[in-house]
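> Let me give you the structure first, and then I'll get to my questions.
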Amino acid sequence: MKTISRQAYADMFGPTTGDRLRLADTELFLEIEKDFTTYGEEVKFGGGKVIRDGMGQSQVVSAECVDVLITNAIILDYWGIVKADIGIKDGRIVGIGKAGNPDVQPNVDIVIGPGTEVVAGEGKIVTAGGIDTHIHFICPQQAQEGLVSGVTTFIGGGTGPVAGTNATTVTPGIWNMYRMLEAVDELPINVGLFGKGCVSQPEAIREQITAGAIGLKIHEDWGATPMAIHNCLNVADEMDVQVAIHSDTLNEGGFYEETVKAIAGRVIHVFHTEGAGGGHAPDVIKSVGEPNILPASTNPTMPYTINTVDEHLDMLMVCHHLDPSIPEDVAFAESRIRRETIAAEDILHDMGAISVMSSDSQAMGRVGEVILRTWQCAHKMKLQRGTLAGDSADNDNNRIKRYIAKYTINPALAHGIAHTVGSIEKGKLADIVLWDPAFFGVKPALIIKGGMVAYAPMGDINAAIPTPQPVHYRPMYACLGKAKYQTSMIFMSKAGIEAGVPEKLGLKSLIGRVEGCRHITKASMIHNNYVPHIELDPQTYIVKADGVPLVCEPATELPMAQRYFLF
């Protein structure tokens, strides 16, 4: 058998089993665990290459071949780090394996035909589109910013740049829900909208779920009282939707213990569990130790750096409609900013005790930095805590799988949409992001939405080739015309779908049904289901997990930062 060197093979078809790649400029290294190809039968498009008539391309009609093929991709997902071809049909992933022409090639399970378009995945890392579960719908331009960062699903609430939305992720009531569903129908991104769960009687909640909400949000600015929590969870259990909560920072309606009692062992998604974004001061972080609570972070505190504390006070005053001239407002803000709990948050992520990452977009968080800050935290923790259990000196595969799950599969599981999005798996919507390894987590090479390119870095439009400067991210065809309706999805409750909301409003986007929200626990959070016993000293704010103090230094320098954003 003829052989070539690993370097020559990698240059031609991308790395293969046993090869390692550095993620951006971090100290994180992945190692390819398996290659689905048959060596010598790889497919590649181009002049003099394999995917040509009678060679790698068969004669079948469109019904018998994939619509889109990503060749020789390095798939990075919660379930593995592998090299494979990815087949897409009707906007969904239908194959992960070996592509080619079965008439002349062996071991083909993804058929290439005249109806197949090719995306070159050689040397590229491929991930599922990110899911951000903490979106304040303050402005529609967030969709572009999220997409070009690699996020393809927004879950949250709001109605625009008004006081209620600047502070809370809530789309309240039937009229607001209908108008926002009509508006987000035009966005080239998947969307789910939260109704308001801050009410002590059930009917006002039921009507919002029936109006098309994906779930419910309880927020202290609207009242996160024990009765509201109890009532909201009762309706959520009845109608199979998730509840997210920003609990009572001021402890006015009750302390942390009263909130836990009102939750009563039922599943709930706790936002910014560390507390700087809001929640029982100073001990909301103890919710990380509850088996029924799905804990999440928002990105302004992630990772802990020398600048983290300083920027938070002003952000908080703006977002929560506070007045710096009122001492009580200043005290409220200061009660939420604790460097000790912010430091502990990084470590809890690395232990797999905090399950989800999100943004808190324009409301103390940055919509385009969910993915970037997740990997900055992973890098910081490797430097400060060393190799993760199960990893080796050669690769960080376990740590990498843990961190990618935080913004892909786990938020999908938390909100009942994992049957449709959240991973690179057969049957799921083809929301796929391609990365050059040197730019991983920072600037995608291609954002595919529902099987079609939505955004891409594109050079001078009047140039003879696509690459000359200036290169900017620009909207592509999946964002235009009727195509955007066939490549993006609005998620809503079963009750909303059965009530005919999509038909009543004339929604054109794909409609995704929420299911299975109420029977999950923290144990369902993949690679991030550790339930430690959490203690917090109310005087020093030092956090302990299973008796061990969680202390780390702030970072003075981070990867994936200035050197990537000079231009």
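For all residues, glycine too, the Cβ spot is worked out from N, Cα and C.
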> Since Swiss-Prot lists LYS217, HIS246 for Ni(2+) 2, which candidate among HIS272, HIS280 does it give for that site as well?
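Candidate in the recorded Ni(2+) 2 site: HIS272.
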> Considering the Ni(2+) 1 binding residues HIS134, HIS136, LYS217 given in Swiss-Prot, which of ASP11, ASP346, ASP350, ASP360 is annotated for that site as well?
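As annotated by Swiss-Prot, HIS134, HIS136, LYS217 share the Ni(2+) 1 site with ASP360, chosen from ASP11, ASP346, ASP350, ASP360.
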> Which whole-number value in Å describes the distance between the Cα atoms of ASP360 (Ni(2+) 1 binding site) and HIS320 (active site, proton donor)?
13
> Specify all same-chain residues, apart from the site residues LYS217, HIS246, HIS272, whose Cβ lies within 8 angstroms of the center of the Cβ atoms of the Ni(2+) 2 site, ordered by sequence.
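Going along the sequence, the neighbours appear as HIS134, THR168, THR169, ILE218, HIS219, ALA244, ILE245, SER247, VAL270, PHE271, GLY277, GLY278, GLY279.
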> Write out the long-range same-chain contacts of HIS272 (Ni(2+) 2 binding site), meaning residues 6 or more apart in sequence whose Cβ is under 8 Å from its Cβ.
HIS134, HIS246, GLY278, GLY279, ALA296, SER297, THR298, THR301, ASP360
> Among the binding-site residues HIS134, LYS217, HIS219, which residue has its Cβ surrounded by the fewest other Cβ atoms within 10 Å?
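Minimum Cβ neighbour count within 10 Å, taken over the binding-site residues HIS134, LYS217, HIS219, occurs at HIS219.
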> For the domain 'Urease' (129-567), provide the mean pLDDT of the predicted model.
96
> Which entry in the list of recorded positions, HIS136, HIS246, HIS320, has its Cβ near the fewest other Cβ atoms, using 10 Å as the limit?
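Checked HIS136, HIS246, HIS320; of these recorded positions, fewest Cβ neighbours within 10 Å: HIS320.
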> Could you state the whole-number distance in Å separating the C-alpha atoms of HIS136 (Ni(2+) 1 binding site) and HIS219 (substrate binding site)?
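HIS136 (Ni(2+) 1 binding site) and HIS219 (substrate binding site) have their Cα atoms 13 Å apart.
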> Give me the Cα-Cα distance between HIS219 (substrate binding site) and HIS320 (active site, proton donor), rounded to a whole Å.
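Cα-Cα distance, HIS219 (substrate binding site) to HIS320 (active site, proton donor): 11 Å.
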